[in-house]
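S.K.: Take a look at what TrEMBL says about it:
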- 3-167: domain 'EngA-type G' (DOMAIN)
- 9-16, 56-60, 119-122: GTP 1 binding site (BINDING)
- 176-351: domain 'EngA-type G' (DOMAIN)
- 182-189, 229-233, 294-297: GTP 2 binding site (BINDING)
Amino acid sequence: MSNIVAIVGRPNVGKSTFFNRLVQKRQAIVDNVSGVTRDRHYGKSDWNGNEFTIIDTGGYIIGSEDAFEVEIRKQVELAIEESNVILFMVDNQVGLTDMDKEVAQLLRKSKKPVLLVVNKVDSNKNIDDTYEFYNLGFEQFFTVSSQSGSGTGELLDEVVTHFDQGDHKDPFEGLPRVAIVGRPNAGKSTLTNALLDEERNIVTDIAGTTRDSIETLYNKFGHEFVLIDTAGMRKKGKVSEDLEFYSVMRAVRAVEECDVCVLMIDATRGIEAQDLNILFLAERNRKGLVILVNKWDLIEKETNTMKAYEAEIRNKIAPFNDVPILFVSALTKQRVHKTVEIIMEVNENRNRRIKTSRLNELLLPIMEITPPPAIKGKYIKIKYVTQLPTRTPQFAFFANLPQYVKEPYKRFIENQLRKHFNFTGVPIEVYFRQK
Ligand SMILES: Nc1nc2c(ncn2[C@@H]2O[C@H](COP(=O)(O)OP(=O)(O)OP(=O)(O)O)[C@@H](O)[C@H]2O)c(=O)[nH]1
Ligand SMILES: Nc1nc2c(ncn2[C@@H]2O[C@H](COP(=O)(O)OP(=O)(O)OP(=O)(O)O)[C@@H](O)[C@H]2O)c(=O)[nH]1
């Protein structure tokens with residue numbers, strides 16, 4: 001279940017300052033693990049044990065005031081469609097502006113909770129100035145200082161009360177959940193149709209109870225999974241999709257709700273920055289991943305075309321490149337069945353559990369022959385390994401001096417795990433702990 005909080009508001013009110021405050025601590029840790037550069041629009045945070053995703057919808061508005069009108073409308077529509085709670089931020093130092101009123105107008109259409117956040121209230125003596133914001137017509141408002149952090153706690157206490165508590169019944173409990181994502185026009189709808197259309201009798205559409213996702217059961221040829229499709233992704237043409245940011249934001253919810261993410265690439269365009277953003281999103285969320293190079297029917301083939309294409313992709317997505325890459329045509333249904341098989345295999349890999357005895361038998365001798373390099377004359381001794389009881393593959397290695405084990409050695413270990421067990425398409429994590 002995903003909980004997504006979106007921050008909207010006119011430029012310069014402090015959205016990214018607030019965003020950074022929330023994601024900072026955690027992001028530093030996550031980035032360290034994956035080596036991925038921080039996305040300035042998307043991050044993870046938590047409050048009292050409630051994990052959530054925070055999206056900063058700002059920062060890309062360029063050009064004239066007219067352009068602003070259009071952009072802010074898109075921002076707000078996206079926030080309404082894709083998030084669970086919306087934070088509408090205004091600036092107490094500047095006071096109430098016409099732009100704020102326009103944003104408020106758009107937000108009134110939302111059925112999702114909107115919390116008005118008056119930012120830059122740096123000291124209590126500014127509180128009196130905030131009352132003009134009552135004119136925006138929101139029942140409740142919160143005063144914060146993104147710079148110092150004051151007021152954040154009270155705001156978050158309220159935010160988490162609006163989260164999906166997961167108390168509704170999932171009719172597809174236990175089945176793998178699959179999201180098809182990719183840039184506009186990559187062929188997502190065509191693939192969905194190819195998978196589902198012809199055998200209508202075994203296709204059921206169930207609109208999400210508290211969410212807006214549409215979930216469709218795929219059950220053919222002995223394979224069963226749930227295709228998830230968010231309402232926002234389905235509505236076509238409502239928002240122009242030319243900006244990199246939008247296609248990523250549209251993918252956020254689908255990626256969070258899935259077990260396996262199918263990333264579709266248009267073969268005629270190749271893998272692009274947006275695709276990599278979605279891929280990192282899946283990796284950071286520890287989801288299974290399958291890459292489909294679609295529209296392969298349009299490519300002129302010579303010897304090695306496929307090989308070269310594949311090599312280029314693997315190079316671009318490194319270091320996480322133990323990922324299935326399939327060349328398909330959703331239109332002619334070429335290799336669509338194979339795609340299903342691979343999705344199921346990746347899901348199986350993601351659930352793979354390896355016995356502690358087997359891990360130790362295999363890895364201890366390898367680590368004996370190739371130990372981590374000694375640091376300042378100190379030798380690192382790894383005593384045993386175990387897979388953690390987590391939902392996705394994570395391994396703990398117990399050692400005398402875990403702090404001395406560096407990234408390259410962790411990579412080496414990860415590669416050994418991948419060499420001996422099938423974890424294709426699955427991010428795995430390796431931790432070193434004190435023993
Ligand atoms: N005094 C004060 N200044 C703040 C506070 N929060 C943000 N600022 C300042 O306000 C300015 C704008 O902040 P940003 O976080 O970049 O604003 P934004 O809403 O993300 O702006 P866009 O990226 O243009 O959408 C910066 O100079 C911040 O330092 C605050 O709580 N108090
Ligand atoms: N030649 C060829 N065309 C394809 C293939 N798959 C999709 N197309 C075409 O590409 C166009 C876009 O396909 P869609 O399935 O609508 O793409 P989408 O990813 O759902 O697009 P958005 O909804 O805009 O995000 C359509 O004209 C399809 O007919 C393919 O395998 N081969």
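For all residues, glycine too, the Cβ spot is worked out from N, Cα and C.
Curation plays no part in TrEMBL annotations; they are all automatic predictions.
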S.K.: Out of G182, N185, K188, W296, point to the one nearest N12 (GTP 1 binding site) in space (Cα versus Cα); all of them are binding-site residues in the record.
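M.R.: Going through G182, N185, K188, W296 one by one, the Cα closest to that of N12 (GTP 1 binding site) is G182.
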S.K.: Would you mind giving the whole-number mean pLDDT across the domain 'EngA-type G' (3-167)?
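M.R.: That region's mean pLDDT is 81.
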S.K.: If you measure V121 (GTP 1 binding site) to G182 (GTP 2 binding site) at Cα, how many Å is it?
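M.R.: Cα-Cα, rounded: 41 Å.
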S.K.: Have a look at the binding-site residues G182, N185, K188, W296 and say which one has the shortest Cα distance to T57 (GTP 1 binding site).
M.R.: G182
S.K.: Using all protein chains in view, find how many other C-beta atoms are within 10 Å of the C-beta of T57 (GTP 1 binding site).
M.R.: 26
S.K.: Which binding-site residues from the set N12, T57, V121, N185, K188, W296 have a C-beta atom lying less than 6 Å away from ligand 2?
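M.R.: The qualifying binding-site residues are N185, K188.
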S.K.: Have a look around V121 (GTP 1 binding site) and count the other CB atoms within 10 A of its CB, chains all included.
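M.R.: Counting Cβ neighbours of V121 (GTP 1 binding site) within 10 Å gives 23.
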S.K.: Can you tell me the CA-to-CA distance separating G182 (GTP 2 binding site) and K15 (GTP 1 binding site), as a whole number of Å?
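M.R.: So the Cα of K15 (GTP 1 binding site) lies 27 Å away from that of G182 (GTP 2 binding site).
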